[in-house]
Amino acid sequence: MEDFVRQCFNPMIVELAEKAMKEYGEDLKIETNKFAAICTHLEVCFMYSDFHFINEQGESIVVELDDPNALLKHRFEIIEGRDRTMAWTVVNSICNTTGAEKPKFLPDLYDYKENRFIEIGVTRREVHIYYLEKANKIKSENTHIHIFSFTGEEMATKADYTLDEESRARIKTRLFTIRQEMANRGLWDSFVSPKEAKKQLKKNLKSQELCAGLPTKVSRRTSPALRILEPMWMDSNRTAALRASFLKCPKK
């Protein structure tokens, strides 16, 4: 999976994912599914923002080629991908400037046109189930939720999809391509199935002979990106329990 991620995603996205996992004490060579999940979520966030600007009249426009003479402002502020300190600094700055209510949880984007924070979700499950889970957690009408699936489905707050159909189609196509490429390499099942992921994690630990250097305690912290993506394959409690079950060295 690690090789696939490095081949499939932009190096900048891979680097950001590596930093996120390192910040939370996660080993990408072992937890390769998380590595892939973070990269996927980051790419969707960046694609959401790509080419969208606000012109001098305050209108939202799509510009694919930069015009140095155009006075354009990026429509979206990207919050995801920053370390927690910087991310909250950006959020506080936005709130002070726009008067927006400060969210309880770190969002992924801020939309300067609609003046709202956006939470992006990516899931392999039914989008409405994941949407309800996200809404129940956030419990704020001021944060807009937009969920995408690997099957081309999507769901958003009040059926307001924010982006034009073509922009959303690019995201859906990319997710479908990622799914197909994983399937072609025999990686899809382990990416989305807890049972298969457990087998893969055990295989990774065994093949790398990491037992001697493994920590004795399991980190319970969850990175910001994984708050969105973790349900794609397992929840945090199962992740911690799974990791703990493999941290025991075999008796000599």
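Cβ coordinates come from backbone N, Cα and C, glycine included.
Long-range C-beta contacts of LEU28 (site 'Important for efficient shutoff activity'), restricted to its own chain and to partners at least six residues apart, with a cutoff below 8 Å, comprise GLU2, ALA17, GLU18, MET21, LYS34, PHE35. The site 'Important for efficient shutoff activity' feature in Swiss-Prot is assigned to LEU28 (among others); the stated evidence is similarity to another entry.
As annotated by Swiss-Prot, site 'Important for efficient shutoff activity' applies to LEU65 (among others), with the evidence given as similarity to another entry.
As annotated by Swiss-Prot, active site applies to GLU80 (among others). All chains included, 25 other C-beta atoms sit within 10 angstroms of the C-beta of GLU80 (active site). Taken residue by residue with DSSP, GLU80 (active site) is part of neither helix nor strand, so it is coil.
The active site annotation in Swiss-Prot covers ASP108 (among others), and the record cites similarity to another entry as its basis. The local packing around ASP108 (active site), expressed as other Cβ atoms within 10 Å of its Cβ over all shown chains, amounts to 27.
What Swiss-Prot records for LYS195 (among others) is site 'Important for efficient shutoff activity and nuclear localization'.
Annotation comment: Swiss-Prot describes LYS198 (among others) as site 'Important for efficient shutoff activity and nuclear localization', evidence class similarity to another entry.
Per Swiss-Prot, the feature site 'Important for efficient shutoff activity and nuclear localization' maps to LYS199 (among others); the stated evidence is similarity to another entry.
According to Swiss-Prot, the feature site 'Important for efficient shutoff activity' maps to LYS202 (among others), an assignment based on similarity to another entry.
Swiss-Prot lists LYS203 (among others) with the feature site 'Important for efficient shutoff activity'.
Taken from Swiss-Prot, the feature site 'Important for efficient shutoff activity' covers LYS206 (among others), and the record attributes it to similarity to another entry.
The two recorded residues ASP108 (active site) and GLU80 (active site) have their Cα atoms spaced 5 Å from each other.
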